[in-house]
Amino acid sequence: MIILGIDPALGSLGWAVVAKETAQLKYLASGIIRTNSKDAIHHRLAFINSTLEKVILEYQPNMAAIEETFVNTNSVTSLKLGYARGAIMSLIGRYNLDMREFKPNTVKKTVTGYGHAEKDQMLHMIKLLLSGTALITNSDEADAVAIAYTCLVTKNY
């Protein structure tokens with residue numbers, strides 16, 4: 001089972017690929033997709049879509065796991081995040097991948113044991129739980145690993 005974990009965002013999207021081979025979890029890859037805030041939104045969404053598509057084609061995941069969105073007090077920010085999620089979900093659908101969504105607190109609790117863990121705690125635990133993640137320093141990337149990890153350990157596939 002290969003899971004593509006996604007921490008959705010318009011400016012800095014985290015992605016990660018984690019596999020379950022027999023009883024072992026294996027980190028395969030992760031990264032950040034950054035868009036320029038000066039670019040038109042449709043160009044930013046197209047860039048996210050095409051870059052994430054390359055990840056899907058390279059790693060051939062069986063499923064995508066994505067963090068659920070919380071509604072921000074800033075409606076413009078929430079709307080832009082919704083655009084990014086829509087572009088991502090459209091791509092997931094185009095490749096006929098199953099998809100699971102996880103609340104941020106569920107991911108934090110699964111990884112750290114505490115549903116309100118801070119970013120640095122998440123990053124620390126990901127490095128302990130999955131070998132190969134030692135060089136990850138970006139919290140968006142670590143969150144994507146954590147989302148894929150949560151999908152696999154909760155057997156939500």
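The backbone N, Cα and C atoms fix where each Cβ goes, glycine too.
Taken from Swiss-Prot, the feature active site covers Asp7, Glu67, Asp140, and the record attributes it to sequence analysis. The Mg(2+) 1 binding site annotation in Swiss-Prot covers Asp7, Asp140 and rests on sequence analysis. According to Swiss-Prot, the feature Mg(2+) 2 binding site maps to Glu67.
Known features from Swiss-Prot, placed on the structure.
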residue : record      : Cβ neighbours (10 Å)
Asp7    : active site : 25
Glu67   : active site : 23
Asp140  : active site : 23
Cα of Asp7 (active site) to Cα of Glu67 (active site): how many Å, rounded?
6
